[in-house]
Amino acid sequence: MEKTFVMIKTDGVERGLIGEIIGRIEKKGFKITKAKLFQPSRELVENHYIEHKEKPFFQELVEYIIKGPVMAMEVEGETVVETMRIMIGDKDPKKAQPGTIRGDFAYSLTQNIIHGSDSIESAERELKLWFS
Ligand code: CDP
Ligand code: MG
């Protein structure tokens, strides 16, 4: 069964959106097979976002993800990687459609509540990174 990595970012945890987001994932029919609420290290988050290392927003992004607890999850289901990306919505809160998690709750491009792996290869890499 396909698996993906989903993380409720620090703003999502702070704003009390864990229940809402887990509810959406479960109601869709996906299974949360691992979950961990903890404050990640700088090293872990820099590695997670390695593809953005040279981007101007990289430092701000890392500081935001390490500032408090995040909810890291392994989510399982048919075509879960692509479907979770659709349920999450565009990273830009102006473009995220209503009905998506970011469309309904996010108002900042950096602080956009949730992460989901963008491909099966990324999901494998990210699950290994966060859960071993
Ligand atoms: O998260 P997603 O895969 O949808 O977007 P990304 O392009 O891989 O960017 C990763 C994360 O970096 C975003 O979710 C934002 O939190 C942040 N970001 C930012 O702060 N400023 C940007 N111009 C682009 C992304
Ligand atoms: Mg991405």
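Here, residue 1 is simply the first one shown, and the rest follow in order.
Cβ coordinates come from backbone N, Cα and C, glycine included.
These come from TrEMBL:
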type     : residues                           : note
ACT_SITE : His115                             : active site, pros-phosphohistidine intermediate
BINDING  : Lys9, Phe57, Arg85, Arg102, Asn112 : ATP binding site
DOMAIN   : 1-132                              : domain 'Nucleoside diphosphate kinase-like'
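Shown on the structure are the features that TrEMBL records.
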{"residue": "Lys9", "record": "ATP binding site", "contacts (Cβ under 8 Å, 6+ apart)": "Tyr64, Ile65, Val70, Gln111, Asn112, Ile113, Ile114, His115"}
{"residue": "Phe57", "record": "ATP binding site", "contacts (Cβ under 8 Å, 6+ apart)": "Thr110"}
{"residue": "Arg85", "record": "ATP binding site", "contacts (Cβ under 8 Å, 6+ apart)": "Gly116, Asp118"}
{"residue": "Arg102", "record": "ATP binding site", "contacts (Cβ under 8 Å, 6+ apart)": "Ile88, Gly89, Asp90, Lys91, Pro93, Ala96, Asn112, Ile113, Ile114"}
DSSP-assigned states of the domain 'Nucleoside diphosphate kinase-like' (1-132) in counts, ordered helix, strand, coil: 60 helix, 26 strand, 46 coil
Integer mean pLDDT for the domain 'Nucleoside diphosphate kinase-like' (1-132): 98
Neighbourhood of ligand 1 - binding-site residues from Lys9, Phe57, Arg85, Arg102 with Cβ under 6 Å: Phe57
